[in-house]
């Protein structure tokens, strides 16, 4: 299995090196590189890794977040096996499938959905995730969220359980509306945050927990594009 993971990582790195010189000038290729990173994390994640990665020390400093560029993508590829991936996210109605990575590091945000609070747990409180908005021919990272409708389903998994949420809020807010990620007494929520209006504001999607199921092999197919 370790050989397979190393082989998969080298495929990612070699692919990125081939397009590295033109990534700055070609948004579709940047999208392709991010897809490779995301799929690598999604494909190779195990329950054991989730358990280990939950204990990882990482940053939750909003001020350290940088715009998504070649440097962030390259660093994410170089450190792909060290990223503390703790689960998977799926919003099937808009074809969004991403790894969930602990912390707000730039490498995490270049790869998938980043957790926004240190002690948050799936299915409990308000599980908050941030993601970059990257527009290409096929939208990447959290860009598809602009097409989400009220009533749509959002799924999370830690490979042990699958958590289903129903979207109940979709709105554009100012960057300082941090109250949206706070826990709400008596409610289990998921909150997804990305850029809006060219980065001036934020798009917030919020869902209420509907169901928790065992993460069987068959049900985990839900997280495959």
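Just so it is clear, glycine is given a Cβ too, placed from its N, Cα and C backbone atoms.
TrEMBL annotations: computationally assigned, not manually curated.
According to TrEMBL, the features are:
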type	residues	note
TRANSMEM	7-25	transmembrane segment
ACT_SITE	132	active site, proton donor/acceptor
ACT_SITE	195	active site, acyl-thioester intermediate
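Residue 195 (active site, acyl-thioester intermediate) carries a strand DSSP state (E or B). For the residue listed as 'active site, acyl-thioester intermediate', the Cβ neighbour count at a 10 Å cut-off comes to 20, with all displayed protein chains included.
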